[in-house]
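Going by TrEMBL, these are the annotated features:
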{"type": "DOMAIN", "residues": "137-183", "note": "domain 'F-box'"}
{"type": "REPEAT", "residues": "284-318", "note": "repeat 'WD'"}
{"type": "REPEAT", "residues": "319-359", "note": "repeat 'WD'"}
{"type": "REPEAT", "residues": "360-399", "note": "repeat 'WD'"}
{"type": "REPEAT", "residues": "400-439", "note": "repeat 'WD'"}
{"type": "REPEAT", "residues": "440-479", "note": "repeat 'WD'"}
{"type": "REPEAT", "residues": "480-519", "note": "repeat 'WD'"}
{"type": "REPEAT", "residues": "523-562", "note": "repeat 'WD'"}
Amino acid sequence: MEAKRHSSEEQLCDNDDEELCSEKREAESSEDEAVCDSLINCAISKKRKLELNKNALCKNDSNTKRVSLISEENSCDNSAFNCANVKPSRLQEWLQMFHNWSNCERLAALDALVSSEICDIQQIRYLLSLIEPQLQRDFISLLPKELSLYVLAFLEPKDLLKAAQTCRYWRILCEDNLLWREKCLEEGLLDDNETIVDLFRKRLSRTPVSPLPSPSASTSSTASVNSPFVRSEYKLAYLRQKSIEYNWRYGRFPNDSETSSTSSRKCRYMKEILHLKGHDDHVITCLQFNPNSNLIVSGSDDNTLKVWSSKTGRCLRTLTGHTGGVWSSQLSPNNIVISGSTDRTLKVWNALTGECIHTLYGHTSTVRCMALHGSKVVSGSRDATLRVWDINTGECCHVLVGHVAAVRCVQFNGKIVVSGAYDYLVKVWDVNSETCLHTLEGHTNRVYSLQFDGENIVSGSLDTSIRVWSATTGVLKHTLIGHQSLTSGMQLRGSILVSGNADSTVKVWDINNGQCLQTLAGPNKHQSAVTCLQFNSRFVITSSDDGTVKLWDLRTGEFIRNLVSLSSGGSGGVVWRIRASNTKLVCAVGSRNGTEETKLLVLDFDPDDDDFMDNV
């Protein structure tokens, strides 16, 4: 009887109260949806908070925050997926169906779910917050360290610096010594002797920092999250070099009268210009600079040479003994000075002690030019001869006779001598046999400048042309036409030649094809004859009778800025000579009418050790 009653009630519910049951199910469904909506809002809110905390973690790299983040991430994940714990039965059925579908059916279902009006923007945003982390993986930490370093090697240096800020493990990898050595090589910051890094090691020996590995060492074999942090010496050398280049390009000095929005930045790295006063009101005729020993040697028509410190600006020695003006000089790596004078002699000096070691007699007129290689020096004179001397013994080893006018310029590589003279000729000599191998004819006026790299000879003349010859055969390769006057100075590096001319222009040439690559001119060009020049892989430095020293971009030919601008420029102030190293520029300035005091200016572009280490 009781069972029959229950059966009747069930039938009544099925037949008569179906609408009431439907309302009940809808209420339950609405309750499920409300729960899901509430959980979705909570998950999105906590997801945003999680992302903010992750950003803070990347910047601070704090282990404490890492623990806090992991805890909060777990909490958020639990809340986000509580929705799965209250799945309505229909959702479970749908998930089971989805599981049983083929891949194509799944993709079609997902496409319909997202592209139709089933999901509103809030739900799609929530889906995105779930999907994005699934697509982001720290693949670097998943790879073997060697492969990770191989991948990182494809990054630019500036991108490596950014990658190092990601986390501690990435920072250790991005400090790999060999990785940064490759970057230094790519940037052309290392030569065969790795000069930049060697010099930087010496500086680091005076500046306590984290221990550094040897040049061949790499952190790749030991890099792990628990590894002690080791600074790469190549990275530090790279960053220092970039600071030096920045100072060349933008740097300003205290009390600089010029104003520039670009050059006023990072001026804390700059050092005050040194003014080295000497030689009274005479002309500084020759200038030498040894950056390794920080010695500067200036020669003057006052019959003396002076030895200066490029660090302190002090005059260390005055070399006296010549009875005529000094017009040529050389400085050896071990600080031996050789000078040539109008008194027809050469003198060999010890720059550190000021002692005159030898006086070399033989020429019968002014010693106008010289070239040093090892212990041998070749001198060219207005007596039309060249002499080869041993500076250790003071003996004249060879005399080269053949020119019929004053020898104005000379180059020497230890075996071959190349000379240019006022007889319009360039001669190539074998030193040991004292024979003339080639006489290079073609110039129609005096030869004033020469360059020789063992394979090519480049000669500049008053006839406005520059000629490129084969040193082996003596054959003319190219005639470079473009200047309008005397080529006063040249420098050759590889296939790139830079020439300065009395027509106030500077030109960049490719001697392989004879093409002019750049003409350094325009509204900022020199206003008078170019007196001296020097260039490296990035910059060209030029000086002029207009009292300025200018910096140019070698690749683009663009004017960068005036490194020196004399107040007397244009009214008599002259920059006679310049010598530059990677970090310093030495300028010999004065005037011929008394408007500018004769002196040397030393500009130092190397950042101060304390400032530099505080900013790396």
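Using the three backbone atoms N, Cα and C, a Cβ is placed for every residue, glycine included.
Here the repeat 'WD' (319-359) has Cβ contacts under 8 Å with residues 285-290, 292-293, 295, 297, 299-307, 365-372, 377, 379, 381, 389, 391, 393-394 of the same chain, all six or more residues outside its ends. Cβ atoms under 8 Å from those of the repeat 'WD' (400-439) belong to residues 365, 368-374, 376-388, 445-452, 454, 457, 459, 461, 463, 467, 469, 471, 473-474 of the same chain, restricted to positions at least 6 beyond its ends. Look at the repeat 'WD' (523-562): DSSP puts its residues at 0 helix, 22 strand, 18 coil. Sorting the repeat 'WD' (400-439) by DSSP state (H, G, I as helix; E, B as strand; all else coil) yields 0 helix, 24 strand, 16 coil. For the repeat 'WD' (440-479), the list of distant contacts is 405, 408-411, 413, 416, 418-422, 424-428, 485-492, 497, 499, 501, 509, 511, 513-514: same-chain residues at least six beyond its ends, Cβ to Cβ under 8 Å. Summarised by DSSP class, the composition of the repeat 'WD' (480-519) is 0 helix, 24 strand, 16 coil.
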